[in-house]
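K.L.:
One structure, as structure tokens, below. Some questions next.
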Amino acid sequence: MALKGQEDYIYLFKDSTHPVDFLDAFRTFYLDGLFTDITLQCPSGIIFHCHRAVLAACSNYFKAMFTADMKEKFKNKIKLSGIHHDILEGLVNYAYTSQIEITERNVQSLLEAADLLQFLSVKKACERFLVRHLDIDNCIGMHSFAEFHVCPELEKESRRILCSKFKEVWQQEEFLEISLEKFLFILSRKNLSVWKEEAIIEPVIKWTAHDVENRIECLCNLLSYINIDVDPVYLKTALGLQRSCLFTENKIRSLIYNALNPMHKEISQRSTATMYIIGGYYWHPLSEVHIWDPLTNVWIQGAEIPDYTRESYGVTCLGPNIYVTGGYRTDNIEALDTVWIYNSESDEWTEGLPTLNARYYHCAVTLGGCVYALGGYRKGAPAEEAEFYDPLKEKWIPIANMIKGVGNATACVLHDVIYVIGGHCGYRGSCTYDKVQSYNSDINEWSLITSSPHPEYGLCSVPLENKLYLVGGQTTITECYDPEQNEWREIAPMMERRMECGAVIMNGCIYVTGGYPYSKGTYLQSIEKYDPDLNKWEIVGNLPSAMRSHGCVCVYNV
């Protein structure tokens, strides 16, 4: 009882279990057929007895149907065409449980139904599922699917793969069946990743030759969208070599003239990718993020890493996000399990879910829409444990242990296989490992496939043109590995020795950044570029500061 002259005593009771109990009660009503007031019928004839209020609360489609002046408002049975009963059952169960199972088999049908019936949360979950499973062999179809159903994230990320890996994409069977409009859309992208004439002429010829009778008249239109110089001799030869494209000399000459008419063309360089330098070490840990466009040779600075005292972390890129995993702090060598994620589009950092195993000097790569953390050091000894982060499930998942735990090794992905090369093994890195370990995610198995010609640690590896390149280390030796032939070959040596450098592929070339040449005892600031066509290295610029042990990744512009 309140004292005289004071406000009434108020106690606000809030039952935290009420929302769950409330939903459970309606679930029971649904299962028992109690208080139902609407029936949904599939084309197969299967019916579901539901509650209008529950459907309207989850679906804008049903909310509009039951509140607007529509004939269905007064009906007790609603017939829904074009929706399989399994899909409708899943959506109805979601309305009563807040859960729905999404699989590779049902995801597209489920998204279509969720889009139609405006179950917006389910549609978004399906969209994220499809983004998680994007690859070169489905990105064209997914891009069209995303455009039709207005899925902005799926559209953007499928376009990112389509443009950044165009050479691999056009060699897929799916490419031959695309429409002229879709092909023109691809060619018109300013960020289409092409760096050779044949890289863009070949798919045009291949697509035309696939259905030459119906597509031959499209050829001139396609060529007019190519924003690079086209060699008339090369074009004539390419057309002539396609036996299904048999033209008269006049027809070839006409095609060449129209395609190369400057009134129809805009010759320009394509800005396809941007290099991100994350942190690093220069006598102390660095926390800066530096962003470089190789076309303009301009550096800009991004938001700094929030945890600025750590070093020897793993860095990898997944879509627009850059993941920084593990490492250790300067004042001790205790391995960390912390994860920071940098969004390159918003220039913002967020803290991610900690890894299952703390580690430093480990390898980090992306494969199949997931982020992998492999090996590294923990308590002075190389770790065999490996794990991956599934951004859809928002959890780290352990995988099979590596055959040999290694620290300060290098890893990259080629044809959906992870390769881990070299590194230190033994307590506190007492010896160097000479084997190449490969991981097949389909069977969750590691294998030893070959030996490195010169075992080292502190190297970088990158995939290019179906081959794996080893750069950096204590020498200037650069080597190329062909997995199909299981052969190594030495290529042109680098200009500098670069221990713990960074390396990335951009526009068909290898860029190697910074590093530490033990012979000189200084940190490097320069950037070397390797052109595989010329088999030649050259200095093409400088980092904002000298550094080693930094993250170096490429984000493709969309």
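Glycine too: its Cβ is placed from the backbone N, Cα and C atoms.
Predicted, not measured: the structure shown is a model, and the values here were computed from it.
Quick paste from Swiss-Prot:
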DOMAIN    36-104  domain 'BTB'
DOMAIN    139-240  domain 'BACK'
REPEAT    274-320  repeat 'Kelch 1'
REPEAT    321-369  repeat 'Kelch 2'
REPEAT    370-416  repeat 'Kelch 3'
REPEAT    418-466  repeat 'Kelch 4'
REPEAT    467-508  repeat 'Kelch 5'
REPEAT    510-557  repeat 'Kelch 6'
K.L.:
Roughly where does the repeat 'Kelch 2' (321-369) sit in mean pLDDT, to the nearest integer?
P.N.:
96
K.L.:
What stretch, picked from 370-416, 467-508, 510-557, has the most CB pairs under 8 A with the repeat 'Kelch 1' (274-320)?
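P.N.:
Ranked by Cβ pairs under 8 Å, first place goes to 510-557.
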K.L.:
Going by DSSP assignments with H, G and I as helix and E and B as strand, what are the residue counts for the repeat 'Kelch 3' (370-416)?
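P.N.:
The breakdown for the repeat 'Kelch 3' (370-416) reads 0 helix, 25 strand, 22 coil.
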